Amino acid sequence: MVCFRLFPVPGSGLVLVCLVLDSGKATCLYAKWQMNFTVRYETTNKTYKTVTISDRGTVTYNGSICGDDQNGPKIAVQFGPGFSWIANFSKAASTYSIDSISFSYNTGDNTTFPDAEDKGIITVDELLAIKIPLNDLFRCNSLSTLEKNDVVQNYWDVLVQAFVQNGTVSTNEFLCDEDKTSTVAPTIHTTVPSPTTTPTPKEKPEAGTYSVNNGNETCLLATMGLQLNITQDKVASVININPNTTHSTGSCRSHTALLRLNSSTIKYLDFVFAVKNENRFYLKEVNVSMYLVNGSVFSIANNNLSYWDAPLGSSYMCNKEQTVSVSGAFQINTFDLRVQPFNVTQGKYSTAQDCSADDDNFLVPIAVGAALAGVLILVLLAYFIGLKRHHAGYEQF
């Protein structure tokens, strides 16, 4: 067995590669994939916290096997005491299947789960039954999400083949349904060879409508025009996202929601929303990894943002241009924005909170202050006029 861990993009997930070998040193099972896990748990003060498990250091693969007449192939991954992940496979006459996935986590780990009320190892089992033709390599670059018992499992950039024939991984690919949508690269509009020069603003990007489903119901809606401002290696670029060639996936939970956009050049552009104070939502995190025109990969992650704040049960709307500053090297300009990551009803937006309300809130104290200042000036003028007349009366007398 030859398994190893690649270095992940910060803030993304575990990047894993595994070659399981038989007794003759031939590959019988091949897999490469990225994954992370989001777990919601109760704390000792009866509140709830959400943590994302994506990087826990050393990874081992004890128990990964090719399989035999009694047991099918299996990939087993361990990434810390009490944290493990297992995928089981089986074979039929002309197909093989990814039967199930099992994920275990340890709430007794105080570093990952501070102040957890219940301590112990918890296991979540998911039945999949994904059927793939024998001797085909399964590919799924799109985000796949499994949700059960306060745990969300995210998988992407998946390549896997069980029951490898003659030790050679197949070149025939079997795509997941999400990857069967063809995409075209977005247009790179300008490149400026100076880090201090702002690229010339381009035309307003076309607004696209994106959605995420939970089962048969829409759980997240977003409409927006997106313009990416990127600086890498002293070169600044402006990229307008074409919604007609951009695919959306994601996941929805009670306290977190993910919208992931991808295309042939955008590996992922993630918008992660969260609930605060149990009554409002906001944009908490943005992660991006994409190919630039020179062939290099640009990757940035920031999980400490605070944009697009609105009450739960409503949507957030802003028709004017806004800028989400992810880092000094990456900003997103949004146009004609409307987003609702929680409590979507019948696939429609709820009443919107407009960003102009924020401007109004800013102008109110200015207007009140100006009015008070005006009143004060009138009072002072009246006082001095009255005082002057009073002195004039004395002089006449």
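For all residues, glycine too, the Cβ spot is worked out from N, Cα and C.
Quantities reported herein were computed from a predicted structural model and do not represent experimental measurements.
These come from TrEMBL:
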type: COMPBIAS; residues: 186-200; note: compositional bias 'Low complexity'
type: DISULFID; residues: CYS140-CYS176; note: disulfide bond
type: DISULFID; residues: CYS318-CYS355; note: disulfide bond
type: DOMAIN; residues: 205-345; note: domain 'Lysosome-associated membrane glycoprotein 2-like luminal'
type: DOMAIN; residues: 364-394; note: domain 'Lysosome-associated membrane glycoprotein 2-like transmembrane'
type: REGION; residues: 186-209; note: region 'Disordered'
type: SIGNAL; residues: 1-26; note: signal peptide
type: TRANSMEM; residues: 362-385; note: transmembrane segment
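Counting only same-chain residues six or more apart in sequence, the Cβ atoms lying under 8 angstroms from the Cβ of CYS355 (disulfide bond) belong to TYR316, MET317, CYS318, LYS320, GLN322.
For the domain 'Lysosome-associated membrane glycoprotein 2-like luminal' (205-345), the number of residues in each DSSP class (helix H, G, I; strand E, B; coil) is 3 helix, 98 strand, 40 coil.
The sparsest Cβ neighbourhood within 10 Å, among the listed disulfide-bonded residues (CYS140, CYS176, CYS318), is found at CYS176.
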